[in-house]
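Copied from TrEMBL, the annotated features are:
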- A:TYR320: active site, O-(5'-phospho-DNA)-tyrosine intermediate (ACT_SITE)
- A:579-606: coiled coil (COILED)
- A:862-877: compositional bias 'Low complexity' (COMPBIAS)
- A:2-126: domain 'Toprim' (DOMAIN)
- A:141-583: domain 'Topo IA-type catalytic' (DOMAIN)
- A:175-180: region 'Interaction with DNA' (REGION)
- A:779-806: region 'Disordered' (REGION)
- A:848-886: region 'Disordered' (REGION)
- A:HIS32: site 'Interaction with DNA' (SITE)
- A:ARG151: site 'Interaction with DNA' (SITE)
- A:ARG152: site 'Interaction with DNA' (SITE)
- A:ASP155: site 'Interaction with DNA' (SITE)
- A:TYR160: site 'Interaction with DNA' (SITE)
- A:TRP167: site 'Interaction with DNA' (SITE)
- A:ARG322: site 'Interaction with DNA' (SITE)
- A:ARG515: site 'Interaction with DNA' (SITE)
Amino acid sequence: MATLVIVESPTKARTIRNFLPSGYQVEASMGHVRDLPQSASEIPEAVKGEKWAQLGVNVDADFEPLYVVPKDKKKIVKQLQDALKSANELILATDEDREGESISWHLLQLLKPKVPIKRMVFHEITKEAIRDALKNCRTIDEQVVRAQETRRILDRLVGYTLSPLLWKKISWGLSAGRVQSVAVRLLVTKERLRRAFHQGSYWDLEAILEQNKSPFESRLVTVAGTKVATGSDFDPNTGNIIQGRNVRLLNETEARDLVTRLTNKPWTVTKIDERPVTRKPSPPFTTSTLQQEANRKLRLSARDTMRTAQSLYEQGYITYMRTDSVHLSDQAIAAARSCVEQMYGSQYLSPKPRQYTTKAKGAQEAHEAIRPAGSSFRTPKDTRLEGRELQVYDLIWKRTVACQMADARQTQITVDLQVEDAGFRSTGKRIDFPGYLRAYVEGSDDPDAALEDQEVILPPLKVGDRPKCKDLEAIGHETQPPARYTEASLVKTLESEGIGRPSTYASIISTIVDRGYAQLTKNALIPTFTAFAVTTLLEKYFPDLVNTGFTAKMEQTLDEISTGEAQWLPYLRKFYLGEKGLDNQVKQRESQIDTAEARTIELENLEAKVRIGKFGAYIELNRDGEQLTASLPQDVTPAELNDSQVELLLKQKTEGPDKLGLHPETEEPIFILNGTYGPYVQLGEVTEENKKPKRASLPKGVNISDVTLEMAVGLLTLPRKLGIHPDTGGKVGAGLGRFGPYVVHDQGKEGKEYRSLKAEDNVLTIELERAVELLAQPKKARNSTRGSTKEALRALGNHPDDGEPVNIYDGPYGPYIKHGKTNAGIPEDQSVEEVTLAIALDLLAAKASTKKSGGRGKKSETTSSGKTSKTASTAKKTTTKKKTSK
DNA sequence: CAGTGAGCGAGCTTCCGCTTGACTT
């Protein structure tokens, strides 16, 4: 008989096994084991008829939740039950936070152990910490469990009452929630600012001066004692100087005149100011700050960062990657300090060990900060890591080490100069002692600020010096609209407002992109028109729920519930029931909200209206009593849509496609059109005998207005034949595909090899020699599904239904074809090389059909529910596809 | 691949947090 210990993660289970005496069995719960039913198929038959069944919470019976074991957790629960049979004691060692406490409670409810139980918590995975924890077990804190349950129910009530309202009033399949709707609103608010933004322009002067043969830069700051206007003097809403600012705005002529007037005049240093500055290293990483830095420095998405961190964690390189704490164990601090001494010397050590305290709202601190694992840190060089994993480990290692290093000492130098009535200023920075900057410089969301830590050298100067002017130039500037959110800055804002948790930052971004609320372009999150419609509705009718402060208030109440100062039931009742409760609010709004109005977005300075239709956003304009409509292409953003764009779209619709000209050889007309998948060119018209004329999409980044006849002719020749490969005799060609321009080497039976073109190549002009060069380069490793570092034996291309890749992999039972989650074996009589995409599709289809009918378990129930869920998921696929293609 | 923008109306879509799966003969 043994003691069964249950933790949340299998990696943790493996580690602590080594720290426990023999006779302890450690198993993982893999997170939550029970939850409210996620979809209709999970609702038990017995309650299906109830009016609260869809909610999964019996709101009329004191909000009694309906818990089910999700399908993917059944196996785990079974394993735990089995493990418990041979145990004489159960220790619940889930994380010490609200969710962890709840997991333990659910485990008790499910496993119903007849043996003694204990609750154990630890924050560090070291032998001492775990032995200590074992001696100090407690019982489950029911109040904390209640707080979690209240949170869970509230989120369900918000999400499952608001979402259906959006289906009715705006569009099918939309969603709303405590977290996602606030995130979407942040994006929309920023986009509105960009739309309201008016550009201002101003000029100033830049001089290159020289003292003792050392050049330095200087910028105009005053003319005749009045400050010269710069960007911050402009009102972004008007593009003019803010009322009441006593500044001098220079235009181009004035700036150039000033250059002429100041040329060859003597310069004098009038004032020098030196100011010492010390800077402290940033605290060690939490989930949120790691995601931000990896996005800024490595351009990784939040999701990719977490995937990489997870892998580092599983390999034992770093501590747990989902944490909101900046706390370091004594052991970690000692390890970091010894790294500093060894690598940089003791003068770089901070005089005292630094321990940071967490400032984030609502932090629960169940784990340490993210740091290299162990009691001595492996330097990045000493690991066998490579690629992305090495980069992320390097980031974590440096950040952790840096936080035990000395402050950086710098001197900020400001030099004022005078020439005639013009005042100039030069600024410099001297790094007196780099301290932690030797190891780590934090990235910034503002690219200009990233330069901040660099030294800016000024020659030694003193008051009265007369530097020579080598160059004087007038420079024009334009004010910039507020930057859109990036993944990094959105995560930063959400965290500082206490919205979302470390385990969810990455998925919040996926959710708002998947639901069609935002698109990620060049690292910027751009809200869609649907996001505008939804946000406008929620702001108008449910302002409290989309307020950034809502979560903070909820968290406060949850804290009170967990300490016993507040009661959960009155809180939920007040929130949901009664006249002012959410239920009633939604019912009232349902009759008040006009559907057509909710689907309409009115934008300032835009004559046309934007409407949300079944197939995405479109514009509508009433002209001469006639309703004109046209679809909005995907790349049109709410901030930039203007009357001339509307005009162009309508013109294309009413007057038919724009004719670019005639093909020089065939004399057929070439049209430029805007389709669902973006702009494209077409050779000839659609007629009875020519139903599918030759078409070609424009390459990314090319606008309709940029297309010349020559380019269109070129695009229509694609795919081009380049010639014969000198080594193999295979055919080499170039074309434009889903992932952009490519070259291809077709060796018949041997299959085709593809390579993407580099930025400097042009698909229309690329020649055989260059193509062969590209084909000789190794294939770029695509980051396939997590963990499976296994490389595909062959890539067959993409599935026509969903565009997902169809690959052949080697498995323990021989090679198999993989498409998404469907695997299909290859018949014995067929070799891997013989399989074409068409054959693969047949095999996959055959596999999918046997899967459907071959359900196991009870006959009638499984087949019927299996069928509905199948149709439901197909239906879902088509709509998401439509939504994303708009 | 390259349009559309209402409808008979069954039953369905949807939330936030924990955690890692991976059914080929």
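The backbone N, Cα and C atoms fix where each Cβ goes, glycine too.
TrEMBL: automatically predicted annotations, no manual curation.
Distribution of TrEMBL features across the structure.
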residue: A:HIS32; record: site 'Interaction with DNA'; DSSP class: coil
residue: A:ARG151; record: site 'Interaction with DNA'; DSSP class: helix
residue: A:TYR160; record: site 'Interaction with DNA'; DSSP class: helix
residue: A:TRP167; record: site 'Interaction with DNA'; DSSP class: helix
residue: A:TYR320; record: active site, O-(5'-phospho-DNA)-tyrosine intermediate; DSSP class: coil
residue: A:ARG515; record: site 'Interaction with DNA'; DSSP class: coil
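Same-chain residues lying 6+ beyond the ends of the coiled coil (A:579-606) with a Cβ under 8 Å from its Cβ atoms: 59, 157-158, 161-162, 165, 168-171, 195-196, 529, 532-533, 536-537, 541-542, 573, 612-613, 617, 638, 641-643, 646.
Considering only the recorded positions A:TYR160, A:TRP167, A:TYR320, the Cβ with the fewest other Cβ atoms within 10 Å is that of A:TRP167. Sorting the region 'Interaction with DNA' (A:175-180) by DSSP state (H, G, I as helix; E, B as strand; all else coil) yields 1 helix, 0 strand, 5 coil. Other C-beta atoms found within 10 angstroms of the C-beta of A:ARG151 (site 'Interaction with DNA') number 21, with every protein chain shown included. There are 19 other CB atoms within 10 A of the CB of A:HIS32 (site 'Interaction with DNA'), with all protein chains counted. The two recorded residues, A:TRP167 (site 'Interaction with DNA') and A:TYR160 (site 'Interaction with DNA'), have Cα atoms 11 Å apart. For the pair A:TYR320 (active site, O-(5'-phospho-DNA)-tyrosine intermediate) and A:ARG515 (site 'Interaction with DNA'), the C-alpha distance works out to 30 angstrom.
Here the recorded sites are A:ARG152, A:ASP155, A:ARG322, and the one whose Cβ sees the fewest other Cβ atoms within 10 Å is A:ASP155. Per-class residue totals from DSSP over the domain 'Toprim' (A:2-126), listed helix then strand then coil: 43 helix, 26 strand, 56 coil. For the pair formed by A:ARG322 (site 'Interaction with DNA') and A:ARG515 (site 'Interaction with DNA'), distance between Cα atoms is given as 25 Å, rounded to the nearest Å.
If you take the Cα of A:ASP155 (site 'Interaction with DNA') and the Cα of A:HIS32 (site 'Interaction with DNA'), they are about 16 angstrom apart, rounded to a whole number. With respect to A:HIS32 (site 'Interaction with DNA'), the closest of these recorded sites in Cα terms is A:ARG152, chosen from A:ARG151, A:ARG152, A:TYR160, A:ARG515.
Here the CA atom of A:ARG515 (site 'Interaction with DNA') lies 23 Å from the CA atom of A:ARG151 (site 'Interaction with DNA').
Across the structure, A:TYR160 (site 'Interaction with DNA') and A:ARG152 (site 'Interaction with DNA') place their CA atoms 12 angstrom apart. For A:ARG515 (site 'Interaction with DNA'), the same-chain residues 6+ apart in sequence whose C-beta sits under 8 angstroms from its C-beta are A:GLY173, A:LEU174, A:SER175, A:GLN180.
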